[in-house]
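Q: Before I ask anything, here is the structure I am working with.
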Amino acid sequence: MPSSPSSSSSPLLPYSPKPEANYTVWISALSNVSIQYNLSVIAVCLLLMDPSTDDDVSLDALYPRTDLFDQWLRSSVFAGAIVGQAVMGGLGDILGRGKAMILTNSFTFLGALLCAVGSWGNSDDVYGALIGYRFLMGVGIGGKYPLASTIRAEGTAEGEHRATEVAKGFFWQTPGVIAPYLLGWILVAAFGEEKNGTEFELVTEIQFRVLFGVGAIPSLIVIILTYLQFRGKERERVGSENPVKVALNHPELWRKLIGTGGCWFLYDFIYYGTALNQTSIIDSVFGGEDGIYDNCWRNVVVAAMGIPGVIAAILQLEGFGAKRLMSWGFALIGLSSVLLCVSFKYFPDDNWLNFGFFCLLLFAVNWGCNVATYVLPIETFPEEVRSSFYGLSAALGKVGAFLGGYFFGPISKSGGGYSAVYGVCAGMSVLGIAFSGAYIEPFIRNTLWRGKDEGGGGG
């Protein structure tokens, strides 16, 4: 009796290999969680180590510090990130994505671990060590930007909208911002809200060292996943030429870099200047007499308000276009900054009005520019130099973050207070719209409205 036609398709006959595992979604997501957790955790740790904010330090603080230490502790990680983005981005094109990704996460892992267990002694010794360790960690954090986004972009399946898939990984930066405040809140609640300072030295040491140490975990997981993703794959070089040579032979790439990097510089100045001083800003709205526990839950609530902004931007990205999303993002940041500038100047005692405008700013900074700066270099630069020019774009952004984190405090303590801070932010936003129009493709078109001769989506 002849065999039935279906017998040849029996699963017991020819072996069908399983599709190759794709870990790029997890690599991208965990990298972005790690980036923002390790950038933001310093604000919570410094609150535990010394809740005071003046040079006239609290006598009860376990590790009292001056304003100068405060500024360098917040900014040193950005100095490291600038180096990491420029160097690791280039290594991604020269060595290959996988090797560079493992290297950059090793720096983050080591830096976070040293912050937790390698800083002992008096205040000067501890803070001096933390500045160095956070610079080292920043090198690793910086490298994650070009490498995580490039790995995810090149790992997207056929038919997927590449920029949207990259942006989905970027979404996890917002939970990364929330995580250190949430963990700090849990740690303070677990040990007792008032158990802080010299009287409770052991408890305070455990709290801030656990916070630093947790930042090493995502990087360790990413190292493992990256090894699995690139195991057995020979991708030592992406292109046939050195990326430096390619860049020098194509001057048009540098105009595009002015757009992607310049907009990122302006945006990060605003974003990180606000984020790193968020606790002080919230204190100026509600008063600073409440404890660390209240500071943590307030920051969790405030940071969570950025989630709708990120989700809205991701949903709008494909149809709206990254360039117009960038331009309208700067416009909304400018509007909310003007409102805060006026509110802090003329209604300084109206806490709820100031808080409402601050929440609008948080939505604005997490909306258009936040997503557009992350995906535009992927869409702008060719594969041969994609990682390198992405790294340079992100490095320019972190120069802005460094300056914002360093100068927002002194500006806020000047005669103009926070009104002056948000006046500066409004001016930066106007420059951002101008840079978007002049230096992001299509040049001089699709800045706020799609041009009549353009039927596409802009970005």
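Each Cβ is built from the backbone N, Cα and C atoms, and glycine gets one as well.
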Q: According to TrEMBL, which listed range is transmembrane segment: 72-95, 264-287, 288-311?
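A: Matching range for transmembrane segment: 72-95.
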Q: Please identify the stretch among 72-95, 126-148, 169-188, 420-440 with the greatest number of Cβ pairs below 8 Å relative to the transmembrane segment (388-408).
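A: Ranking 72-95, 126-148, 169-188, 420-440 by Cβ pairs under 8 Å to the transmembrane segment (388-408) puts 72-95 first.
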Q: Test of understanding: applying the rule of at least three C-beta pairs under 8 Å (pairs 6 or more apart in sequence), is the transmembrane segment (102-120) touching the transmembrane segment (208-228)?
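A: Yes, since the transmembrane segment (208-228) and the transmembrane segment (102-120) share at least 3 Cβ pairs closer than 8 Å, they count as touching.
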Q: Is the transmembrane segment (420-440) packed against any residues at least 6 beyond its ends, judged by a Cβ distance under 8 Å, and which are they?
A: 255-256, 258-260, 262-263, 266-267, 269-270, 273-274, 323, 326-327, 330-331, 333-334, 337-338, 340-341, 344, 361, 369, 376, 380, 408, 411-412, 414, 447-448
Q: Taking all residues of the domain 'Major facilitator superfamily (MFS) profile' (24-444) together, what is their mean pLDDT?
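A: A mean pLDDT of 86 is what the model gives the domain 'Major facilitator superfamily (MFS) profile' (24-444).
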